[in-house]
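Before any comments, here is the structure.
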Ligand SMILES: Nc1ncnc2c1ncn2[C@@H]1O[C@H](COP(=O)(O)OP(=O)(O)OP(=O)(O)O)[C@@H](O)[C@H]1O
């Protein structure tokens with residue numbers, strides 16, 4: 001079972017401690033049950049030895065139950081922490097295009113699936129203790145009443161089969177309800193980020209509430225209720241089979257005199273003691289299915305939590321002893337997208353492009369011609385499907401791609417401005433940052449405080465300017481600006497093309513600018529043009 005593997009991976013010591021202490025708690029509880037039942041039927045009851053023995057097991061039960069709860073809660077908190085770290089690491093290590101394709105599914109995984117796994121693990125102490133109690137008491141009754149036990153074991157087997165039979169149906173509804181979570185998260189995203197559009201359109205707002213939110217939520221509720229009904233039917237029919245079986249046994253015993261009623265009474269008391277822990281254990285099976293569904297959702301995004309074998313050891317690119325007149329060389333590179341929803345296919349390339357060190361290149365092209373895709377390939381975010389990307393003559397592959405990416409700073413149309421990261425931690429960077437804030441006329445709005453910008457509550461154009469400062473402060477060899485100037489007013493466009501880009505060029509930086517501002521193209525060294533995924537000039 002995957003979850004057990006993850007638990008062991010989390011901490012072997014805690015896992016062993018949790019299992020042992022829970023099992024010992026169960027054994028103590030079965031001894032306590034046995035002592036109570038036996039004392040009722042003992043003619044020469046020795047109160048003194050009963051008190052000592054009972055006291056020992058009673059204390060043992062209490063101490064071990066606390067130890068097992070502590071171990072399991074440390075283990076479950078640890079695994080949640082590790083899952084978050086491991087998922088975040090895997091997301092950052094995973095193939096960028098895979099994550100980009102599954103972007104909508106990442107947030108539900110980080111919240112919903114982790115919660116499901118946590119709740120599954122959280123119940124482990126009662127499940128292990130329950131299982132140990134059931135096995136302990138069962139062992140005792142089999143030893144004491146072998147014939148009678150056979151009938152009860154048969155009944156338990158029937159209960160187990162009933163639970164097992166219901167599992168595929170339970171899982172089906174769990175899967176359906178979990179898949180709908182992805183839609184619900186997307187709906188909430190729309191509700192949060194699309195609040196302007198919703199607020200401005202009465203009809204759309206009503207539609208979104210009634211037809212989108214209510215319908216999806218109702219559909220999910222439907223599957224959750226179905227799942228609960230299946231679980232309830234399975235567990236209640238198990239109880240009914242058990243009760244019916246017991247009643248049949250009572251009738252049979254009284255009719256045949258098969259065993260003494262007092263013996264049967266003791267036997268029955270023992271059996272009744274294990275019904276509750278048995279139901280805890282069988283109930284956990286449906287929980288286990290929910291964990292499986294959650295883990296499957298995680299692996300469907302291309303993230304394998306157990307896979308450590310495929311992490312390639314990163315190596316750094318050589319910066320010395322290399323001819324660096326051509327800094328980036330794209331040789332016959334290709335990329336393609338396939339949109340299954342529209343059965344649409346987009347192909348970029350094959351593209352050959354050599355960029356010299358210190359060049360300022362403008363990349364032009366119509367909407368959808370593939371400029372951003374080419375930029376992502378140049379930045380090493382998309383490994384080419386065919387062809388090769390070279391940096392100073394060195395081919396880029398899985399081992400050096402991370403170092404290659406670090407040679408770039410970029411701004412995208414949809415760049416994200418982190419407001420919780422301290423990165424201006426050096427006096428020179430701070431000085432440069434303050435100069436840039438001045439150049440881009442942001443000093444009245446933003447200051448640099450404690451290594452970061454004082455605010456990100458800005459207009460879209462201002463946010464873009466802050467993003468540009470962030471990129472420049474990275475002080476990398478190559479810069480790529482994807483339509484940075486698109487939403488800037490003419491004044492800031494001029495600052496960008498005539499001051500910022502020229503300063504970077506003077507500092508020997510290589511720059512690729514995706515732009516439609518043809519009036520500034522004479523400030524660059526070269527203009528290249530994309531049309532329908534092909535370089536035409
Ligand atoms: N993640 C993606 N998955 C599938 N198809 C995509 C994806 N990104 C872009 N495309 C498709 O690839 C084509 C090229 O897109 P790209 O963003 O590279 O164009 P662009 O030239 O930058 O366009 P624009 O000027 O509108 O920003 C488009 O047809 C687009 O629909």
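Glycine is treated like the rest: Cβ placed from N, Cα and C.
Here TrEMBL gives transmembrane segment for one range in the set 148-167, 168-187: that range is 148-167. Listed ranges 86-104, 105-123, 124-142; the one TrEMBL annotates as transmembrane segment is 124-142. In TrEMBL, the feature transmembrane segment is placed on 267-285, out of the ranges 267-285, 286-304, 305-323.
Cβ atoms under 8 Å from those of the transmembrane segment (148-167) belong to residues 138, 141-142, 230-231, 233-235, 237-238, 241-242, 245-246, 249, 259, 264, 267, 271, 278, 282, 285-286, 289 of the same chain, restricted to positions at least 6 beyond its ends. If you look at the transmembrane segment (12-36) against the transmembrane segment (124-142), you find at least three C-beta pairs under 8 angstroms, all six or more positions apart, and that counts as contact. When each of 56-75, 124-142, 229-255 is scored by its Cβ pairs under 8 Å to the transmembrane segment (267-285), the top-ranked stretch turns out to be 124-142.
Confidence over the domain 'ABC transporter' (328-536), given as mean pLDDT on the 0 to 100 scale, stands at 91.
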